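Copied over from Swiss-Prot, here are the features:
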ACT_SITE  Cys34  active site, thioimide intermediate
ACT_SITE  Asp41  active site, proton donor
BINDING   Val56, Glu57, Leu58, His75, Glu76  substrate binding site
Amino acid sequence: MPSRPDKNLETFPNPTQERDYHIHMEIPEFTCLCPKTGQPDFATLILDYIPDKKCVELKSLKLYIWSFRDENAFHEAVTNRIVDDLATALQPRYLRLTAKFYVRGGIFTTVVAEHRHSGWTPLPSVDLFHFDSQPSTRG
């Protein structure tokens, strides 16, 4: 496998397709270039997805992310492009990318973009921190 930037996203079969489960990744080394100034823009990407048939292979994701370091891109455009590329490669049930860009001109920018597979409905959320372990039906 190459160890230089690469736009190819590799996948592998989801080992548990019968269950909705959440994959969370934090990618603190994203870099692209500001199309106005040519200066580097840095961001932490937070990727959350619920796979369907495929999962993303981590090294290919790293090389894909590196491939943006010499590209001119507005924050909004690059965030949505990454979502589109991941959605095309993975065809997930749900995917959300949060791009938290470092300060530029005194402004922090966060861009959030989502993809939802048509027809997919999330299961009800379970919040164990607020789970009532002593419901009123018990004495």
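From the backbone N, Cα and C atoms, a Cβ is placed for every residue, glycine too.
On the structure: features taken from Swiss-Prot.
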{"residue": "Cys34", "record": "active site, thioimide intermediate", "Cβ neighbours (10 Å)": "15"}
{"residue": "Asp41", "record": "active site, proton donor", "Cβ neighbours (10 Å)": "22"}
{"residue": "Val56", "record": "substrate binding site", "Cβ neighbours (10 Å)": "22"}
{"residue": "Glu57", "record": "substrate binding site", "Cβ neighbours (10 Å)": "16"}
{"residue": "Leu58", "record": "substrate binding site", "Cβ neighbours (10 Å)": "10"}
{"residue": "His75", "record": "substrate binding site", "Cβ neighbours (10 Å)": "18"}
{"residue": "Glu76", "record": "substrate binding site", "Cβ neighbours (10 Å)": "12"}
So, three-state DSSP: helix, strand or coil for Val56 (substrate binding site)? strand
Greatest Cα separation in angstrom, residues Val56, Glu57, Leu58, His75, Glu76 binding substrate per the record, works out to 25
Using Cα coordinates, what distance in whole Å links the residue listed as 'active site, thioimide intermediate' and Asp41 (active site, proton donor)? 6
Look up Asp41 (active site, proton donor) in the DSSP assignment and reduce it to helix, strand or coil. strand
Rounded to the nearest angstrom, how far is the Cα of Glu57 (substrate binding site) from the Cα of the residue listed as 'active site, proton donor'? 25
